Amino acid sequence: MKDNNSGKNSLFREENEEEVLVDPYGRKVTGLRISITDRCNLSCMYCHNEGAECCTCGPVGNEMSPELICSIIREAAKFGVRKVKFSGGEPLFRKDFEDILACLPPLKEVSATTNGILLEKRAKTLKAAGLDRINVSLDSLDPEKYRKITGAPPGTLEKVIRGINSAVEAGLTPVKLNMVLLKGINENEIDEMMDFIRPYKGKVILQLIELMNIDPELSKYTIDSKTLEKSLEERASEVRVRHLHHRKKYMIDGVEVEFVRPMDNSEFCAHCSRLRVTADGKLRPCLLVHDNLVDIGGANSPEEIEKLLRLAVSRRKPYYTPIMKIEKLKKKKE
């Protein structure tokens, strides 16, 4: 960062002749995770709804317009943001999702997370509009267990599987299957899920997700992650480590398996590079903090959007550090 711009650009640094968003702790913001709706057609037992207070099938009126979403992304892209992930709620509830994708600036990767129910008929149009790849939530291949976890009506699981097939055919690959592990419900289905994925020959990846501990009522479903990781490592022919969060990938009998720890750890916070946007137009510096949001919903110019992006980045602070985590655990015990 040049000295003569130190006042104006205190939250930016120049890298390869490009200014990038950097928070007060030196963490670059290179990605946006944008919730484009709070509406959903499932009621998953573990859902945190991207930090919103609750899951909802509420009104459309408070959702950001395609124009605002694209304006936010365009401004962020000017300052080094290269990856965008769309989520919800269920993003495919937005009938104008393809319009949003079509107006985006050039980016390294555009992805989305979906429950897959509406994916079958839209996979091709999403790909044509600019979506690069997709994550699909699939916690069980057993219809009864799937219903218990998601609250879905009969026949829903079959729709999701057809959606996965359509996504692969459309080229939204690699498709990542998000499987939240729940003790006593689906933790014994990992091998079955790997068998399901294997015929896709690398076009589908399994992401095993440790339950995020945000509700004491769900603590009984938390798995023994250390035992699981040890088992995966013993079976793997190769283990790779992703630079971000030091997340491990295991190659097991032709299937790529990635283990995703919850966000309530210091490793995640130390490497966090994302800024989140809520469905009603608020910048969320941290998923786990609710009182530092920046309202960008009323922004009507690129300059105003840039100003609000800077403000949100200035409020980014690691929620967990090793010391903070110990203190929080002590408070819980008290």
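Any Cβ shown, glycine's included, is placed from N, Cα and C.
DSSP assigns Thr113 (GTP binding site) to a strand segment in the three-state reduction. What Swiss-Prot lists as GTP binding site is Arg33, Lys85, Thr113, Lys176, Arg274, Leu275, Arg276, and the listing cites sequence analysis.
Residues or ranges marked as [4Fe-4S] cluster 1 binding site by Swiss-Prot: Cys40, Cys44, Cys47. The Cβ neighbour count for Cys44 ([4Fe-4S] cluster 1 binding site), using a 10 Å radius over every protein chain in view, is 17.
Its Cβ placed at the centre, Gly89 (S-adenosyl-L-methionine binding site) has 26 other Cβ atoms within 10 Å. As annotated by Swiss-Prot, S-adenosyl-L-methionine binding site applies to Tyr46, Gly89, Ser137, with the evidence given as sequence analysis.
Residues near Cys272 ([4Fe-4S] cluster 2 binding site) in space but far in sequence (CB under 8 A, at least 6 apart, same chain), listed by position: Arg27, Cys286, Arg316, Pro318. According to its DSSP assignment, Cys272 ([4Fe-4S] cluster 2 binding site) is coil. The annotation [4Fe-4S] cluster 2 binding site is assigned in Swiss-Prot to Cys269, Cys272, Cys286 on the grounds of sequence analysis.
Residues or ranges marked as domain 'Radical SAM core' by Swiss-Prot on the basis of sequence analysis: 24-256. Each residue in the domain 'Radical SAM core' (24-256) has a pLDDT score, and their mean in this model is 93.
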_Cα separation, Gly89 (S-adenosyl-L-methionine binding site) to Arg33 (GTP binding site) (Å, whole number)_ = 13
*Cα-Cα distance linking Cys40 ([4Fe-4S] cluster 1 binding site) and Leu275 (GTP binding site), given in Å to the nearest integer*: 22
*Integer Å distance between the CA atoms belonging to Gly89 (S-adenosyl-L-methionine binding site) and Cys40 ([4Fe-4S] cluster 1 binding site)*: 5
*asked:* I'm trying to understand the geometry here, so how far is the Cα atom of Ser137 (S-adenosyl-L-methionine binding site) from the Cα atom of Cys269 ([4Fe-4S] cluster 2 binding site), in Å to the nearest whole number?
replied: 24
*For the binding-site residues Thr113, Ser137, work out the Cβ neighbour count at 10 Å and name the residue with the minimum.*
Thr113
*asked:* Cβ atoms within 10 Å, counted per site: which of Leu275, Cys286 has the most, among these binding-site residues?
replied: Leu275
*Could you state the CA-to-CA distance between Gly89 (S-adenosyl-L-methionine binding site) and Cys47 ([4Fe-4S] cluster 1 binding site) to the nearest Å?*
9
